[in-house]
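**Q** Supplied in structure tokens, the structure appears directly below.
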Amino acid sequence: MTETFVPPLLPKSFGGGVDPVSRAAAERRKEEWNAAVESVKAQSFWIETGKRFLRNRTGVVAAAIVVALALSAIFAPLISPYDPLIGQPVDRLKDIGTPGHILGTDEQGRDMLSRILFGGRLSLLAGFVPTVAAAVIGTLIGVIAGMVRGVVGTVLMRFMDMLYAFPAILLAIAVGSALGPGLTNTIIAVTIVYIPPVARVAQSSTRRVVVQEFIEAARLSGASRARIAWSQILPNVLNDIIVYASGLVGVAMIIAASLSFLGLGSAPPAPEWGYMLNSLRGELFTTPLVTIVPGFFIFLTSVAFNLASDALREAMDSRL
Amino acid sequence: MALPFDRRIDRRALLAGGLATAAVAGVGLTACGPTNSGSQSDASATGGTLSIAMSAANIPFPSTPPNQGYEGYRFVGNNIYDALTRLNLDQDKTLPVPHPSLAEKWDVSEDLKTWTFTLRKGVTFHDGTAFNADAVIFQLDRLKNEKFKYFSETDAANGATQVRYIDKYEAVDDSTVKITCTQPYAWLHWDLLHVYMPSPAVIKKVGNDKYNAHATGTGPFKMTKYVDGETMELTRYDKWWPGPVKLDKIVLYPQPEAASRLSMLQSGQVNWAEVPTPDSIDQLKADGDQIFMHKYPHGIMPRFNLFRKPFKGNTKLRQALNYALDRDGCAALINNVGYGAKQYVYEGHPDYAPNNPGYSYDVAKAKQLLSESGYQPGELTITMGYTTGGSGNMFPDVMMQKLQADFKAIGVATKLVPMEWTVLISIGLDGLNSDKWKNLDILWASPAAGMTPTGYNSTFMSKRPGGQANATGLDDPVIDKNLTLAPQQKEEKDQHAYLQKMMDQAVSQAYFLFWMHDLNLRVMSADVKNFVEPQSWWVDFSKITVSGS
Amino acid sequence: MLRLIIRRILMAVPILIGVSIIVFLLMSVVPGDPEAGLVPDDATPAERQAIRHQLGLDQPLPIRYFHWAVSALHGDLGYSTLRRREVSDLLQQAWGNTFVLAAVSAIFGIALGLLLGYLAGTRRGKVVDRVVSIFSLGGLSIPSFFLAILLLGVLSGQLRLFPSGGATFDEGWGVAIQSLVLPVLSGAMITMAITARVTRAAIVDVFSADFVETLRAKGLTEFGVRMHVLRNAISPVLTTSGVQIGALLGGSVLVETIFRWPGMGLLLYTAISTRDLEVVQGTTLVIALTFVVINLVVDLVQAAIDPRVRGAVS
């Protein structure tokens, strides 16, 4: 099919005839029509979703917070009051609200606000990249495994089991020794940790969807597997995936913190929030407020991501 | 928040009150009052139970030698076992030196090669068997004689340093052992501090592989409970040869996390915690706990890679970096639980070079030396490997960030490479000239600097035992000469004189970053009495008591 | 059904082989040597070689793997020279500790998560929903080690309500339960949060489905409707619960370190960081097996609850 296909407005008849040639043409027109309807459905679904999302006030606010966090991270060099890496020992552990240090100072006497701003660059990456990467890869694997039964599906899911059982710490150490210390290790390790559970959630909801009537209907109408996956299964599966994965953004930052606890992950003095939280843990009972600052920003990011994703999920659910 | 009653709340008492009651009552816990278990009432009569939160990640296993480094010797080895010699750890005035223990006395031949030990009579192991010359030979065979039936590959490997200079050994009679050294060697009694004497009868019965579960020595405490990973209980041995110690029991818990050790102390589960979080000192003092800090042979002395540029043959560059270190600032960051180092050993140590001022914090001088060394600010980036964990490493993360800032201030960039403790040790074995590690310019080191004179060898000598080059390429004829001559001197005074010359040279040539000395922070609850913090990694438990409520 | 179970258990074999080979390879490429913990810092090359020989490290990699695999097939997981204990012995101790903690954490976390998720889902948009949402997001946003240190410091260190750690089972049930409280609170938070979120979403999802209206129209009581909803919502909850239980049974090195609860997480972490190959292999094997079994159980339960899925379980 070389020419651009314009779906006819009224599909009452695909034409016909008694001769095999015109019958074949009519048959072809029917197929083209069906495909076009599917494609319009799929397109309008995503557009509608966008419209509905914008009507959700909480979702918009949450998305705005995410954007604000991202912008403040991007423009950190312009708005930071101090160098995030240099501190004065005499200024260490100043409490929140200290003049000149609105968020206090850390155990090295560095300005917390500046570190939070600069740290946002690393932490947003640490939270976002593994989640998105794993969501994409995991969903792909899960949907395939859920749709294609038999050897392929089985092998995929058993491979996921294998990955699951794999010690993330060993992975972080191995990646770290190959790439040198830094946040990249954390991101790679967390991505690999995230793929199997996402795949499993995706596979499970795919299976749930696959057996429902409308899929059967789509299949009978001659839609291809890929088309069914895109227009019927994915929207349904994404519902579950978005709920699951949006919670993972915060967790990814937490894992980054946990890896620092074990001496893996970010290399100092990088002001990544998880690393900051970890290195302040000893001061929890000396200057509790300052200690909690990086934790609060992880929380804020996590909440914003989740609320935004809740809104997205609801927007996608046309039944609501 | 200290509560004005006995800290040692018995958990059963708590439970008797009921979980819910306890939770609701909150501070009303005082109702639980003094504890009720049998050992508690005994405690006031005798020495009580000392519970310790160690900083090691696991209970050191009670082999001969134990593992977990000097923490293993401190808490497990020295308590279960005696060696032929023992440090005088019951004082804090001088660096502890070997004193008679299972060896009552010893004679050293004129050429310093043959040592004759007279063993103490009437000493028995915890299993009741007698300690004698055969037991000494048995243990030396376990460590040295590969053909011996009870030779232990792992103990021999682990303890190789301590028997390295022993050539031959024989039992002259039941209470005399003669040891011949491979060379004139005045420090054998230092090595033998580490060679614990286990009961041959027990080893013959259970074998080497299962020995740890049955560890038996002649020391002040018997091992009465050992759960790997969880706890060890040491109970007073009433027939210890100098007379029984005061304490009834020592209970050990491993806890690598400082914040948890602090909670263990505050909750009363232990009355002794190693290295709590430095910033908690004020709070602990206010709670009425005892804070102990004392100089001892432990420092952070990073080693330059002397195999290649930029540090090979560039004394001025090494000196520049030493002048760049703001040691007082670093001490402030760790709440002064350590202090700036002038030399490899602390001032007051017998090997401290008396007329060498070391390196002050002098940015101008550092910059000047840097440019004289052939580098302009901004030209040099160095890579430094350091460990993130392992007990006895002070506070690497905080300190390394300070070092990075200090070097940046004179125009030298530092790439920090955090690594696991195992990796750091592996590098020490492989050497910085091996392909795997040659990208490192400076290597973190946390030596027990000067605890024993025998400890300098592997760090300072140009050749390590077996002929390998020094791990960081240190190769200085003045150091080699002095360190070779020191153990060939009969008088301690002369030994120290040579070691001082060695130190003087090492400091002048700036072979290390002379950075921080540790102050051995530990905290104990008020009921621990008669503890003396010695100038050592090891401590003396024999006089400690824990007063009951 | 029985054939299915047998097939899935047989399928575990290639998984275990795959995991063990990758672990073996990774352990051999990460820097740092196992003998570092066994020899002094001035060890001669000969002394080092002797201990490497004793550990079998001087053999080529495939041969080492083959030896290990053959022994493992015979049920012998080897001896840890670094710990001086049999690997099976270490595993038994660690798995026991972890199992107790994981079981209690799973029950607590999943039950609370279900309850909160149900409340939020059935009262969508109301205050309860918001509170649950923030609470569960909080649970996801606090690192377990941070929460653990906080709980330990306040509830044990300051208020002395609970012991400051230790897996204590030999002093009776009371003490055992007490020492479980803090590690469970710290470890079950994520499970609780995830379960609550997934449950809420599933319930919202099902409530909005057409059949609920149909049921109501048919005159079913509100209780009956809710039971239907729960049954239909259970599938995603089950899946994530399986994931969570699996994770809990793998142990958490952070919680285990802070509360001195020597389980699988700590065993694995210590073994990895000391390059104790036999222990790493044994531990991963057990964890992999646990995952396989849990996934199988989840699939079976799902099939039992939801007849539509039954055909799809393969």
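A Cβ is built for glycine as well, from the same backbone N, Cα and C atoms used for every other residue.
Note that the coordinates shown come from a computational prediction; the quantities given were computed from them, not determined experimentally.
Straight from TrEMBL, here's the annotation block:
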- C:95-302: domain 'ABC transmembrane type-1' (DOMAIN)
- C:9-30: transmembrane segment (TRANSMEM)
- C:99-119: transmembrane segment (TRANSMEM)
- C:131-155: transmembrane segment (TRANSMEM)
- C:175-194: transmembrane segment (TRANSMEM)
- C:236-259: transmembrane segment (TRANSMEM)
- C:279-301: transmembrane segment (TRANSMEM)
**Q** Count the CB pairs under 8 A between the transmembrane segment (C:236-259) and each of C:99-119, C:131-155, C:175-194, C:279-301, then give me the winner.
**A** C:99-119
**Q** Determine which recorded stretch among C:9-30, C:99-119, C:131-155, C:279-301 has the most C-beta pairs below 8 angstroms with the transmembrane segment (C:175-194).
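**A** It is C:99-119, which has the most Cβ pairs under 8 Å.
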**Q** Below 8 angstroms Cβ to Cβ, which residues of this chain, lying six or more residues outside the transmembrane segment (C:9-30), approach it?
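**A** Sequence-remote neighbours of the transmembrane segment (C:9-30) are 61, 64-65, 68-69, 72, 272, 275, 277, 280-281, 284-285, 288-289, 292, 296.
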**Q** Under an 8 Å Cβ to Cβ limit, what residues of the same chain, 6 or more beyond the ends of the transmembrane segment (C:279-301), are close to it?
**A** 1, 4-5, 8-9, 11-12, 15-16, 19-20, 23-24, 27, 68, 72, 77-78, 80, 82-83, 87-88, 90-91, 94-95, 238-239, 241-242, 245-246, 249-250, 264, 267-268, 270-272, 313
